[in-house]
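Engineer: Before I ask anything, let me first share the structure, which is written out below as structure tokens.
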Amino acid sequence: MAAAVLTDRAQVSVTFDDVAVTFTKEEWGQLDLAQRTLYQEVMLENCGLLVSLGCPVPKAELICHLEHGQEPWTRKEDLSQDTCPGDKGKPKTTEPTTCEPALSEGISLQGQVTQGNSVDSQLGQAEDQDGLSEMQEGHFRPGIDPQEKSPGKMSPECDGLGTADGVCSRIGQEQVSPGDRVRSHNSCESGKDPMIQEEENNFKCSECGKVFNKKHLLAGHEKIHSGVKPYECTECGKTFIKSTHLLQHHMIHTGERPYECMECGKAFNRKSYLTQHQRIHSGEKPYKCNECGKAFTHRSNFVLHNRRHTGEKSFVCTECGQVFRHRPGFLRHYVVHSGENPYECLECGKVFKHRSYLMWHQQTHTGEKPYECSECGKVFLESAALIHHYVIHTGEKPFECLECGKAFNHRSYLKRHQRIHTGEKPFVCSECGKAFTHCSTFILHKRAHTGEKPFECKECGKAFSNRKDLIRHFSIHTGEKPYECVECGKAFTRMSGLTRHKRIHSGEKPYECVECGKSFCWSTNLIRHAIIHTGEKPYKCSECGKAFSRSSSLTQHQRMHTGKNPISVTDVGRPFTSGQTSVTLRELLLGKDFLNVTTEANILPEETSSSASDQPYQRETPQVSSL
């Protein structure tokens, strides 16, 4: 009884016109997308509350328009037409009916609906307030079958459930004239659930064919094609298609991070980022590849992985036609054509194509190396460098060459190695036309043309074109020899020197001549040997035109023209010094009588405590004449 009194009082005190807001076509056109969406949500919510209280809702056409995402204003010539798609072709009546199911006193929270009074006999039993809210969200309470909610009260032609917004799409009243004549929606002859009917009212994009079930969603999507970005950030001027994107972006300026991980305390400015981060702790990988079974934490990584199986490369460079699987790779490549270097270092003025390169460069000024290896304590500027380094400790080499079986610890190393088999040399010098297999070699070669030597020694000021050369040179100042042979204890300043030295102990000769099968320990020896077969003599004397197969042979030959010999002696058995008569080491070892040195002493001291075995160059003393 109390509920009935409350309902009667609500019907008297509140009407739909009291809470409704209407716009003309011109006023509606001045609203932006966010304001229109807010208006639709508020109007539908108010209507739902009035229906739950049993109040009549006469503006059926307005509500139906809002349900389908359409404009709330109507043309006069449309007032005589049917409001809902299911009513086409039906005769109009003037029987006043309302969509105002009253609250039943016996409704159970578990979904058991007891029979009660109903204003409209064809709409049947009403839902409780919780049930209406669930309908507004587009779903029903668990355990309740939509067909079982009001048994015996529904017309077989209309289930009366309403649309996803919780308002019956067959509201039953439509204003057709100033005299407030209405027609009745007594039944829906379509025989379909209005939820299904709403899905069939699809709005299709004329540009790409994408389909939406709401008109305002289509309007938002069309901005992608038109390029309209009406929402502008007041801080940096960046524009966005959606207001939600602007709100998310604004947190970058405010520094706000409201979503905090309960496990590690890390905070994020978006809830989706927190959800993705929490999968690290839970180990959840919901995205699984059907081809190889590999699972991923993030959907974006899963999509990129799938392109490896399909071979899809979605991003095509309009300048050179090169295609890329990933958008970041495409953007990095495109800067090569534009020549743009928008990121400048405030310390030294150096400019970079990419922001990440600038960030890495800035760490050279600060000396910061935030990534530390847990095994050996070595620190790195970049996380990628740490990952590359860590494979040294694990010894893992998962990338194997199918041609020769050689394995590598990084995919990039395998790709570079495979060019040896294919003979591919994609990097061509525009100056001389020389081609290279590796990009790093190509960059070093270009410095030969430009004369650039960006790596300078802080000790002596000597500059180098290659960073590795600087590292090798610096060991001269430090005297450090970190690479020690475990067999004999000999130490080396370079890793390559130790590797070559180890071949002496192992007897390994990996460099084999394809002509005669002779093997060598070092690649340089193989190169020298190969000249024997080719007959090539690239080193030519500029004086007489004689050619040699080795540079050392040319150097020796040129001394005949200059008259200079590299070794100077005061006397045999004493250290060599400059400024005295010079002889070649070859002649000295052969024991040729050539010496013509100004000295008062014999070439070999007469008094010596050394044995003959300690004097490898001792021989009969020649007569020395004065100059």
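Including glycine, each Cβ sits where the backbone N, Cα and C put it.
What you see is a predicted model, and the numbers here were worked out from it, not measured in a lab.
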Engineer: Could you let me know which of Ser80, Ser582, Ser613 shows up in Swiss-Prot as phosphoserine?
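Structural biologist: Swiss-Prot annotates phosphoserine at Ser80; the rest carry no such entry.
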Engineer: Among Lys397, Lys425, Lys481, Lys537, find the residue to which Swiss-Prot assigns the annotation SUMO2 cross-link.
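Structural biologist: With Swiss-Prot as the source, SUMO2 cross-link is noted for Lys425.
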Engineer: Looking at Tyr231, Tyr343, Tyr483, which residue has the phosphotyrosine feature per Swiss-Prot?
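Structural biologist: When Swiss-Prot is consulted, phosphotyrosine appears for Tyr343.
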Engineer: To which of the residue ranges 36-58, 427-449 does Swiss-Prot assign the term zinc finger?
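Structural biologist: Going through 36-58, 427-449 one by one, Swiss-Prot flags 427-449 as zinc finger.
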Engineer: Can you break down the zinc finger (259-281) into helix, strand and coil residue counts using DSSP?
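Structural biologist: Split by secondary structure, the zinc finger (259-281) comes out as 11 helix, 4 strand, 8 coil.
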Engineer: Which residue counts does DSSP yield for the zinc finger (203-225) in the helix, strand and coil classes, in that order?
Structural biologist: 11 helix, 4 strand, 8 coil
Engineer: Per DSSP, what is the residue tally for the zinc finger (371-393) in helix, strand and coil?
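Structural biologist: Each residue of the zinc finger (371-393) counted once, the result is 11 helix, 4 strand, 8 coil.
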Engineer: For the zinc finger (231-253), I need the partner stretch with the highest count of C-beta pairs below 8 angstroms, choosing only from 203-225, 427-449, 511-533, 539-561.
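Structural biologist: Top-ranked stretch among 203-225, 427-449, 511-533, 539-561: 203-225.
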Engineer: Between Tyr511 (phosphotyrosine) and Tyr343 (phosphotyrosine), find the distance joining the two CA atoms and give it rounded to the nearest Å.
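Structural biologist: That comes out at 46 Å between the alpha carbons.
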Engineer: Write out the long-range same-chain contacts of Tyr343 (phosphotyrosine), meaning residues 6 or more apart in sequence whose Cβ is under 8 Å from its Cβ.
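Structural biologist: When sequence neighbours closer than 6 are ignored, Tyr343 (phosphotyrosine) has Val351, Phe352, Lys353, His354, Arg355, Tyr357, Leu358 within Cβ distance under 8 Å.
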Engineer: So, by DSSP, how many helix, strand and coil residues make up the zinc finger (343-365)?
Structural biologist: 11 helix, 4 strand, 8 coil
